[in-house]
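Trainee: Just dropping this structure here.
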Amino acid sequence: MDDLSLRHGGSVFAGLVGASQVLGLVSVVLTGVWMGHYRGGFAWDGSAHEFNLHPLCMVLGLIFLHGDAILVYRVFCNEAKKHVKLLHGIIHLLALIISIIGVVAVFDFHRAAKIPDMYSLHSWCGVATLIFFCLQWVLGLLFFLFPVASSWLRATYLPIHVFCGLTLLVMAIGTSLLGITEKLLFSITDTYSLFAPEGVLANMLGILLLFYGVLLVYLITREEYRRPPNPEEESLSVHFKNLTEGGVPTTP
């Protein structure tokens, strides 16, 4: 019975992870179709085509890759933790680079078109999310990938790091929903209320991003999907507990 439950739980988990990847990839594709087909494509010349890189980079970087970087701890639960940490950090670094390109693109476009910067709620939330994302990556690097902090500090910061990672994902999705609405109101004000195809596509994109976020939060917060500690991690945990509680650490 236990084996059957484990197999069933594993298949449900695999299905949920697969669904999250479909939602994320379709969101990236829809963003590309929106900017490529309805907004004229992509360029790096200060024109509106350069702006089109902004939504694509932010959805790909701050949402899809960010979510996948968090998910690796659930998917690769039986791999060596140092390898999973490295993968986690690399995917987050890639997400950060892509997101910075997206932010540079929108500022470059604003400068060329003489459009004011940082006046909308979307821009405030976006810059705050990117700044905290950078800080989260640097702290993760220092605390976990190349730890310079003590075991006590790492153990104290770990739940904060996990909470901030999910919070940043929620912030990124919320900021994207604001951006989608803002872009539609700027671009198709007269036809948006008439269910113009571009508006319907962008609304669908927003719904997919919302579902992606909900599914990721569910996968990360479910206790049964947490990474089980391996013997090495358990011995380190016992060693740390003995140190913090004043006992004598036992030999593993």
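Every residue gets a Cβ built from N, Cα and C, even glycine.
So TrEMBL lists the following for this protein:
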type	residues	note
DOMAIN	19-221	domain 'Cytochrome b561'
TRANSMEM	12-33	transmembrane segment
TRANSMEM	53-77	transmembrane segment
TRANSMEM	89-109	transmembrane segment
TRANSMEM	121-146	transmembrane segment
TRANSMEM	158-180	transmembrane segment
TRANSMEM	200-220	transmembrane segment
Trainee: Mind checking which residues reach the transmembrane segment (53-77)? Cβ under 8 Å, same chain, six or more beyond either end.
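Mentor: For the transmembrane segment (53-77), the list is 13, 17, 20-21, 24-25, 27-28, 31-32, 34-35, 42, 44, 83-84, 87-88, 91-92, 94-99, 101-103, 105-106, 109, 126, 129-130, 133, 165-166, 168-169, 172-173, 175-176, 179-180, 183, 205, 209, 212-213, 216, 219-220, 225-228.
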Trainee: Can you tell me which parts of the same chain pack against the transmembrane segment (200-220), counting only residues 6+ beyond its ends and a CB-CB cutoff under 8 A?
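Mentor: Those are 13, 16-17, 19-20, 23-24, 26-27, 30-31, 33-34, 38, 59, 63-64, 67, 70-71, 74, 162, 166, 169-170, 173, 176-177, 180-181, 183-184, in sequence order.
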Trainee: The domain 'Cytochrome b561' (19-221): mean pLDDT?
Mentor: 96
